[in-house]
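Report on the following structure.
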Amino acid sequence: MDEHTSPLLPLHGGEDSIHRSISFHTQIKSIFTLKNFCVLLGPLLCTIICLSVKLEGPSPTTSRNMLGVLAWVFAWWLTEAVPMPITSMSPLFLFPIFGIAAADDVAHSYMDDVISLVLGSFILALAVEHYNIHRRLAFNITLLFCGDPLNPQLLLLGICATTAFVSMWLHNVAAAVMMMPVATGILQRLPSGSGESTVITKFCKAVVLGVIYSAAIGGMSTLTGTGVNLILVGMWRSYFPEADPISFNTWFYFGFPMAVLLFFALWAILCVIYCPRGSGDVLSAYLDKAHLKRELDLLGPMAFAEKMVLAVFSMLIVLWMTRSITDDIPGWGALFNDRVGDGTVSVMMATLLFIIPNKKQLGEKLMDWNKCKKLPWNIVLLLGAGFAIADGVRTSGLADELSKTLQFLAHVPYLAVAPTICLISGGITEFTSNNATTTLLIPLLIQIAQTINVHPLLLMIPGSIGAQFAFLLPTGTASNIVGFTTGHIDIVDMLKTGLPLKIVGTVVLSVLMPTLGVLVFVKNKEIPF
């Protein structure tokens, strides 16, 4: 019995020590992880810069600290070691601690007319999504383009045109998220598997690529289509408060023609690569108008609530377009001494959704706050961080120092400056977010414009639009990821389509900026420096 019992005590103690050892090793491994390293990377880079970098200028310490904070924030943004919304709030404590700006001044960047424009637009977008108006609109427009017999090129044009139109009024990522189920719902009629023909495979690729790129292109045409345009407008007002603001209408005069040219270039590229002649014979066995009509019939007739949301949204667009028209025709904004902004209208129309009844249940309105829980606060905070960083870069003197690295542009003719800036911005945006690229570049471009004595918008606009040419990689923008996760496309497909589209976009912007851009944005020859 002793032989059996004597080993039990040391064996039991050994198990405890093994468990303690495993627990210790597990704790060590949980600490030394890549994510924790990335968390420390931000403060580490900031510390190294603050201790080793020496800058010149009137306030070298402040500009050096601003550079360190930039490295901290962008390290967290790029690695997403800390959730992006939380990182976007970090200037609220980093700027006061490092002596860059007072707490109140930083907080003001997180709520202005541009931010209210975004909030109102997102509430309206949630109402559109809640009542399935986007799906109804998509099916109706696509039916117009389906053709009888089926014309794949025409159907592709309808899907892309619908996506671009939706993206004009909603955020491009939201438009891609809304339209992708519509597009893939049409593709579900096609056979899948190893026996799938090349024609079907190519058409599926064309549809998915068309949705993600059309969402990006449509968003360029209006201020509300993408956060980059809003950042541009906010920075313009911040840097040049005395200059004429960029209104919804002003941007549309330039952005819409540019987007139309890019859209038809996209459609042509997709048709050449993925929709060869004769593909209609193969696809007509699976896709026809009857399928689309069945999907539309499932939605039923438009209810009162849908009609009212559509009416409010249409009224908002009209008010945006007519607030400020031309110098000779001032628009309705003149009635209020131009104190009303696009954000004012956006919030006012969104408020109506909480007042108008939906006639479904007694006392129920078109929208309630529970439906607004999906508001993308991450984008709102990201915009606020962008404005705060732009102010910090300017007031700290860092913009003057960083602009010296791009001074070679001062010796380049302007006709070559716009494409160069577009290529630089378009290259950076493939690896960082569009908003982050714009936030970083615009303060530098303003300093360069001052150096070469040109109107700052002639550099700011190519830089911001180039940041939206994220066509090559899935990580370039969230809408690319939406398409990549469908499984229909891979990186090679994005490169084959995105590279020529990027080249066309650069050429179009290089032609329009010194012509239409000057006509729209440079109303007089005065440079606001």
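Here the Cβ of each residue, glycine as well, is placed from N, Cα and C on the backbone.
Note that TrEMBL annotation is computational and uncurated.
Annotation comment: TrEMBL describes 37-55, 75-102, 114-134, 154-187, 207-231, 251-275, 296-320, 377-396, 408-428, 503-522 as transmembrane segment.
The transmembrane segment (75-102) and the transmembrane segment (377-396) are in contact, since at least 3 Cβ pairs between them lie under 8 Å (pairs 6 or more apart in sequence). Note: the stretches the transmembrane segment (296-320) and the transmembrane segment (37-55) are not in contact (fewer than 3 CB pairs below 8 A, sequence gap of 6 or more). In this chain, the transmembrane segment (377-396) lies in contact with the transmembrane segment (114-134); the count of Cβ pairs under 8 Å, excluding pairs fewer than 6 apart in sequence, is at least 3.
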